[in-house]
Amino acid sequence: MADESVTDEQMNDMNSESVNDEQMNEINSVDEMDDSASEEKVVDISPEKDGSVMKEVLVEGKGYEKPQNGDKVEVHYTGLLEDQTVFDSSLERGQKFSFTLGKGEVIKGWDIAVKTMKRGEKSRFTIKPAYAYGERGSPPKIPANATLIFEIELFDWRMEDLTKKKDGGVRKRILVEGKGYSSPNEGSAVEARIVGKYNDEIIEERDVNFLMGEGSEEKIIEGIEIAVGKMKKGEKALVFINRDYAWGSSIPEIIKLPPDYQQVIYEIELKNFEKMKETWEMDSNERLEQAEIAKNKGTNYFKQGKFALALKQYKRIIKNIGPPDNSDFEDKTTRDKLLLAGYLNLSLAYLKLNKPSETIKNCNLALELDAENEKALFRRAQAYTNIKEFEKAIADYEKVLQLDPNNKAAKNGVIVCRSEIKTQLEKEKKLYRTMFSVLAKGDGLDEKKETKDVWNELKDESKREFQENISA
């Protein structure tokens, strides 16, 4: 856990002084309520200053940093009733407790309390029912309207990891909370302000307008899109983006970065967005309309050689009108035609992106709709050829030729596959001859030396033959 957190030293390493004084003031806004309170024994940290959440520091923490909403924190705690009865303890279980701040994963009092703590701090919090379990309580251990006491020790935290892979490539620290509960989804029209920095030097500063999923058209890096998709309207956040989610090694000339950069930091303000309707919010006609728009957009991107963008649009076709949603469409013919086009276009995009297994999968789905679809059969044959399943490829090419005997590409495909099979068989024969030859040489060897030398020679020869097969 500790190696993933942002310590004082790591903050400096990530980009020396990359977080300026103004940003640090925003990050540590809770300091005002907590630092001045260190002189007092018990402090009211409740939002309304009505004594709902009281804090007493037992062991001072280290440094100045405190976790913020969205951070994953790691704590030990003991929960007590007012009569000092222990109702829960992570210490007794022998396992630290982790949760995400500000996400409603714990009682409200905890979200308020832990945000005031520093790394290594241990404090006692007295939390009134309104910020605990209220009138319902939490039977059988916590009665209704119970005031609770928690002793919490904060060990560590890490910023919110926004990546699907959870590889830490895009992490976010909220500076200003946004409004509402909604975030931009795929296709949303976004208006934002971005300021990018490296080593405290501004590398990019601009107002941007783009469609989610198509940000690259406006020179928006992937990490920014990922972050914006997790933000609320009006939110301002500091986003740490690793090179794999920035430009990688393809740095634009206008962006002044060293070739070996590892991370950039962006301050992003989501000013406004118009959310794309979710599929479940549309009627069948709207879904067909959106599928048609996605198909046309995808085709346009494909013609420009922007296969990844085309792929996103083709996926939207399936999302809007494909399974598992079996809703009735008034115009079923149009729906089936669009769905078939979606699978066929996906298969072609995946073929261009060198993902043969996905190509085969989408060709199979297309063939479920049209068993004699020439494009699906041909593309599946190409994918099988790419993964050296030549017999399957020949079978598909021959089906294409049954549908269109004059298809020259399919004829050439059969010739290529048969040639590859012949070459493969010849290599296998040579390999077997080599194996038997090496084994035969061992007949006159000393018994102790025989096994070792013959085996090593056989392994070396087999390895050479294997490498030839791979590179062929």
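Cβ atoms here come from the backbone N, Cα and C positions, even for glycine.
Bear in mind that TrEMBL entries carry predicted annotations, made automatically and left uncurated.
Straight from TrEMBL, the features:
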COMPBIAS  1-11  compositional bias 'Acidic residues'
COMPBIAS  19-37  compositional bias 'Acidic residues'
COMPBIAS  38-49  compositional bias 'Basic and acidic residues'
DOMAIN    70-158  domain 'PPIase FKBP-type'
DOMAIN    187-274  domain 'PPIase FKBP-type'
REGION    1-49  region 'Disordered'
REPEAT    374-407  repeat 'TPR'
- [ ] Could you pull out which residues elsewhere in the chain have a CB under 8 Å from any CB of the repeat 'TPR' (374-407), counting only those six or more residues past its ends?
- [x] 343-344, 347-348, 351, 354, 356-357, 359-360, 363-364, 366-367, 413-414, 416-418, 420-421, 424
Task: Mean of the pLDDT scores, which run from 0 to 100, over the repeat 'TPR' (374-407) - done: 97
Task: DSSP helix/strand/coil residue counts for the domain 'PPIase FKBP-type' (187-274) - done: 14 helix, 41 strand, 33 coil
